[in-house]
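K.L.:
Mind looking over this structure? Questions follow.
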There are 2 protein chains.
Amino acid sequence: MSHHEISCGLEYITTPNLQECLSEALQSSYAFIVMPIVHPRFRRSHQSSVGTVGGFSRSDMLLASQDWNSRIVGKLSHYLDLDSESPIIRQRHEDCLNEELTYSRGLGLPAVMLSLHSTNVSNLARNVLSYLDTSHHPTLIWSYVPMFCQRTLRDQESEENENIEVWDEPWRWWSTFHERINWDKRVGVVVEIPANLPPQEILKRWLGEPIKAIVVPTSLFHNNKKGYPVLSRAHQQLVVEMIEHEAQVIVSGARRSNIEYYLQYLYRLWKKRPYIADDPMLSYAKGWEDYLQIPLQPLADNLDTHTYNVFEKDPIKYDQYQKAIAQALTDIQKKRKGESINNESLSASTDIINSDTKESGQGDNALKEIDKAITVMVLGAGRGPLVRATLNAADITQSKVKVVAVEKNPCAVVVLTALAKEVWHNRDVTVIPGDMRQINLSPKADIIVSELLGSWGDNELSPECLDGAAGLLKSAGISIPREYSSYVAPISSARLWAAAKVANVTSCQMEKNLETLWVVYMQNKHDIGEIKPVFTFEHPAKGVKDHKGKEVLDYRGLPVTDNRRSTVLSWEVKQDNVMHGFGGYFDCLLYGKEMISIVPSTHSPGMISWFPVFIPIKTPLRVKKGETIKATFWRCRNPRKVWYEWIVEVGIRATPMHNNNGRSSEMLL
Amino acid sequence: MSHHEISCGLEYITTPNLQECLSEALQSSYAFIVMPIVHPRFRRSHQSSVGTVGGFSRSDMLLASQDWNSRIVGKLSHYLDLDSESPIIRQRHEDCLNEELTYSRGLGLPAVMLSLHSTNVSNLARNVLSYLDTSHHPTLIWSYVPMFCQRTLRDQESEENENIEVWDEPWRWWSTFHERINWDKRVGVVVEIPANLPPQEILKRWLGEPIKAIVVPTSLFHNNKKGYPVLSRAHQQLVVEMIEHEAQVIVSGARRSNIEYYLQYLYRLWKKRPYIADDPMLSYAKGWEDYLQIPLQPLADNLDTHTYNVFEKDPIKYDQYQKAIAQALTDIQKKRKGESINNESLSASTDIINSDTKESGQGDNALKEIDKAITVMVLGAGRGPLVRATLNAADITQSKVKVVAVEKNPCAVVVLTALAKEVWHNRDVTVIPGDMRQINLSPKADIIVSELLGSWGDNELSPECLDGAAGLLKSAGISIPREYSSYVAPISSARLWAAAKVANVTSCQMEKNLETLWVVYMQNKHDIGEIKPVFTFEHPAKGVKDHKGKEVLDYRGLPVTDNRRSTVLSWEVKQDNVMHGFGGYFDCLLYGKEMISIVPSTHSPGMISWFPVFIPIKTPLRVKKGETIKATFWRCRNPRKVWYEWIVEVGIRATPMHNNNGRSSEMLL
């Protein structure tokens, strides 16, 4: 949620004197006004000439241009019906629409508002699309709809029959229109807040739409004892939520009170909203809402200082690692003690006569065994945070550790070596430059510690790296992390989809953009289904079996692993919606009970190292209540790279296969 | 229909000795054999290693390479189930498939055959797609399915319940698989001909699919009195129809007779089929089946000699024009006679006394009027065929004509001038170089004759040209043509769609290709709905009315016309299918009763000047029986160009808007 200021506008049904209206609004410190583009005083000529601008409205000399292009939202004529039954009306209204759009562009209005009345919008969409495609700096399009059909609702109530259609109708008008213009970013929706609010899931769905503004009719306000206009608690909450989603507010309708009061009330509402800046994640994510980034490839590319800085700042992640390492050290000590005691009892049973040598003889070896340092290898040590965590854990658990820090990034190696000399000189820390998949060390590790996870778990090749390093771990050794899984939920988010599509200009690139995972702090989206696990990886990994069920070993005698995966998931659709892709997350069991997670329901509080991923689908899918969304994900590899492929099927419809052969996105080995 | 030779193959369930099998087949003059790729003698290792080719089948030294790559169709192992419930089986069979495909490519087999068993084919499709995308000269994929589910059919019959599913099942296996691999051209279907044939519409739907071969089981043959194997009449007809659609034939199953006999029978069948070469259209279209061409732009570009040659060859078109012109000339003479008689009776009533001057006086003028030459302007005269038609019509109707030939193409003007001098020197023929929309002539024309029609009627801008030339026609004058309409029917044709998509290599171009009209003689397609009219144009054109209902006139005092159009059409789907676009046609009323048409039901016999158009949609739409296909077409214009836009909606699904703003295809004014 962003911490921007609130922006309010005032609607005028007519503006007999434009300057007066504007200055009235500005004096009451509204930011802009909404007014009809066509002045009622002007008659329209209905020659079906192609979009010529006639003298059909007021002169643009009335206002200064900075007022036109910052303070005026124009409303298109309400009667325009470009999808009428009659071809003549279709044609005439088409010409009128283009006349008004051209005029608005000429004035440089920041936005024009049009009303939607049905799902029959092909011709309207076609013309808006043409307008957007032919304008370098087009006026933005705000599509006005009520939140649901009051009329229909009343009909339904009278029939005492709760019909979901009531809620869906205007949403579908908007959704269909948005689809027809290819979910264009420059077109948003303006929703009028109704007196009686719909169920929560309906509101949640609206929050997934790109809401540019909400219309708050003055009729929603009632006067408090002091005589000031106020909103009901439910309305307060909704309005604040909408503003947090960057919606502007348009006050509209008959004035039952001084218009300043409405604005002042909204300001107070916004100021006194539950303040959330103390959540480190939210303050960290501030400004990054719905901003798409390409995932890192730490294996192929070396991370830079900045990135290390960001990650090392994480207040939670390394605490969790430290706890996990401490737990592992304790368990190993316990185990060794156990063994030494066994040795004692063993020796006791075997050697009864010479009882006084017992303690000193066998016992010494056992104690030696207990005292022997525990070898902890930190694989991908970066600039040392996990080494630090290991040393802390050792201190806490009073265990003797030999730390080996393996790192392939030369710049990081320099830092590590310096740290080893200057900071850790009195500790047993060795720095080994190199790729964990190629080096060979002895003694082998009792514990391997690594942090190679991406926002979608395995998407930075943690499995391949750790399997490659399996030879460094003792047979009964411990890997931290021990297990991790990726997760997805189908989501509706025209905003993220459109952002991904145009992330790179050329039309050829679009293909690629919609076959790529994007790291993004998702705000303007709506979950269509619950979050489900996709791929899981364990360490040390189990080997594949041959057709006789025997484990296959490689030349090092280590089990051959297969990190290719495929998973089929399905969700039942709870309400009509449009699917644009998936939200992706991961969780990870480090050791014992110690977890890290970015799955919303189990998110490690305050952990900021990972934003989720957005996994788009090429063709948004319109899904109906009761239908089943079936998604298949593949994790594929060849000798050079690893990549994901995915496809979504709904009934007889399906998306194309995504990222076949890793043509658009890949993770280089 | 093409006149190629028939190509037959022989299937072997096993090939204990490959050379022997092959030479047996060749000696019986089969063109190729179908055999399993994996030799049963070889065991498979099931390590899930990534597509390594092991010694799992026979050596490629067995045959000469020209045999491998021309005479062997390999069958993939029947047990492969890449979409099994079990992830392990999925993975293993995936590896086997790639092993067999890689091996087939290594041998250079022309095609491999795989069997489909359900609509659950995502993983199979994914792997085939990868195979095709990573091979420069991939082995073609033949997907084998029965024509329908015998088993299910029997079940249904036992329940005495006629269920369409029976017919749809295997078709849907294929159709889903084909969709998953994006309708790739390199993947075709092989259909097994069943003993009892399905209803006609099912067969017709199959003829819309890219059928590479049909499997004809020997069990379909019965022995005639001479003891030779023959097919039932129904089967004969189907086999011939399939071969005409370029399907090869695979004879398969237990040999109840000498295998040569089956082949000899099929040859006889093909030879004695109803011979169709006497239809000029069919012989003209020979070799052009499903071959896509960009429509001409005679207005923007000047036609070349070759094109003129082709069009002037048309045996029918100019006959029709000649008849129409003759009719028009006769009608004008009748009209003039009528007027002169009126004059007589008029004069008779007015002047009774001086009766002897009557005949000579008024009568003379009347006769003069009758004798006055009829002015016929040929607009877009090209190299004169319509001038010739006009002169012939004049001779036939013994009418005196003054012919004015207007032509903008300098090369054609040269020819016309020469003709006027050398051939038409004793006739009244004037050649006027220039654009019919700009020139001004007097006297005005009694008749205007033009032929500016494209395959989709108005798509070569006939309406704009003739409206531009309206000033050349007398107020009561006649335009030939008088009226024309475009038509469409929704069609299924993966072949045309795939051909359009890749007509131009770059992936950016695909967008454009699927927003373009293509001129093509369509063979491999299936009509999903009947043919319906889209846009109609009349000449002389009626003017647009203003909001008072008054006709709007331009500076010349001529009615302002508006040739923009929009039409909404809908079709009910009769059986499950996949829509890939539209077939487009036109018909045209020249004058009186004289028509020309390329609408199949009314096609002018033997007229070869126009092939139909294929209008693709970007995203093929899967349509279910009972659903309604709603299509909207727009004809748009701006000062520089004219273009079409279209969108298709089925229930809650829709294609994107096509060719918005004419971004991909346009007709330049």
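Just so you know, glycine gets a Cβ as well, placed from its N, Cα and C.
Any TrEMBL annotation is an automated prediction that lacks curation.
For B:30-271, the entry in TrEMBL reads domain 'PRMT5 TIM barrel'. Residues or ranges marked as domain 'PRMT5 arginine-N-methyltransferase' in TrEMBL: B:284-480. The S-adenosyl-L-methionine binding site annotation in TrEMBL covers B:Tyr308, B:Lys317, B:Tyr318, B:Glu407, B:Asp435, B:Met436. The site 'Critical for specifying symmetric addition of methyl groups' feature in TrEMBL is assigned to B:Phe311. What TrEMBL lists as active site, proton donor/acceptor is B:Glu451, B:Glu460. Sequence annotations record features per position, and here TrEMBL assigns domain 'PRMT5 oligomerisation' to B:483-666.
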K.L.:
Report the mean pLDDT of the predicted model across the domain 'PRMT5 oligomerisation' (B:483-666), rounded to a whole number.
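P.N.:
Summing pLDDT over the domain 'PRMT5 oligomerisation' (B:483-666) and dividing by its length gives 92.
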K.L.:
Round to a whole number and give the Cα-to-Cα distance in Å for the pair B:Tyr318 (S-adenosyl-L-methionine binding site) and B:Glu451 (active site, proton donor/acceptor).
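P.N.:
On Cα coordinates alone, these residues lie 10 Å apart.
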K.L.:
If you measure B:Lys317 (S-adenosyl-L-methionine binding site) to B:Phe311 (site 'Critical for specifying symmetric addition of methyl groups') at Cα, how many Å is it?
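P.N.:
Pair distance, Cα basis, whole Å: 9 Å.
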K.L.:
Same chain only, sequence gap of 6 or more: which residues have a CB within under 8 Å of the CB of B:Tyr308 (S-adenosyl-L-methionine binding site)?
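P.N.:
Counting only residues 6 or more apart in sequence, the Cβ neighbours of B:Tyr308 (S-adenosyl-L-methionine binding site) under 8 Å are B:Gly382, B:Arg383, B:Ala412.
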K.L.:
Take the C-alpha atoms of B:Phe311 (site 'Critical for specifying symmetric addition of methyl groups') and B:Met436 (S-adenosyl-L-methionine binding site) and report the distance between them in angstrom, rounded.
P.N.:
21
K.L.:
For the recorded positions listed here (B:Asp435, B:Glu460), tell me which residue's CB has the most neighbouring CB atoms inside 10 Å.
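P.N.:
Checking each of B:Asp435, B:Glu460, the winner is B:Glu460.
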K.L.:
Tell me the Cβ contacts of B:Glu407 (S-adenosyl-L-methionine binding site) under 8 Å, same chain only and six or more apart in sequence, or just say none.
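P.N.:
Counting only residues 6 or more apart in sequence, the Cβ neighbours of B:Glu407 (S-adenosyl-L-methionine binding site) under 8 Å are B:Gly380, B:Ala381, B:Gly382, B:Val413, B:Leu416, B:Val431, B:Ile432, B:Pro433.
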K.L.:
If you measure B:Glu451 (active site, proton donor/acceptor) to B:Glu460 (active site, proton donor/acceptor) at Cα, how many Å is it?
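P.N.:
Cα of B:Glu451 (active site, proton donor/acceptor) to Cα of B:Glu460 (active site, proton donor/acceptor) measures 10 Å after rounding.
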K.L.:
Which state, by DSSP, holds B:Glu407 (S-adenosyl-L-methionine binding site): helix, strand or coil?
P.N.:
strand
K.L.:
Just jot down the residues in the same chain as B:Met436 (S-adenosyl-L-methionine binding site), at least 6 apart in sequence, with C-beta under 8 A of its C-beta; none if empty.
P.N.:
B:Leu379, B:Gly380, B:Val406, B:Lys408, B:Ser450, B:Cys465, B:Leu466, B:Gly468, B:Ala469, B:Leu472
K.L.:
Give me the CA-CA distance between B:Glu460 (active site, proton donor/acceptor) and B:Asp435 (S-adenosyl-L-methionine binding site), in Å, as a whole number.
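P.N.:
Rounded to a whole number, the Cα-Cα distance is 15 Å.
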K.L.:
Roughly how wide, in whole Å, is the group B:Tyr308, B:Lys317, B:Tyr318, B:Glu407, B:Asp435, B:Met436 that binds S-adenosyl-L-methionine, by largest Cα to Cα distance?
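P.N.:
Binding-site diameter by Cα atoms for S-adenosyl-L-methionine: 24 Å.
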K.L.:
DSSP secondary structure for B:Phe311 (site 'Critical for specifying symmetric addition of methyl groups'), reduced to helix/strand/coil, please.
P.N.:
helix
K.L.:
Does DSSP give B:Tyr318 (S-adenosyl-L-methionine binding site) helix, strand or coil?
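P.N.:
SS state of B:Tyr318 (S-adenosyl-L-methionine binding site) = helix.
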K.L.:
I'd like the Cβ neighbour count for B:Lys317 (S-adenosyl-L-methionine binding site), meaning other Cβ atoms within 10 Å of its Cβ, all protein chains included.
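P.N.:
There are 24 of them.
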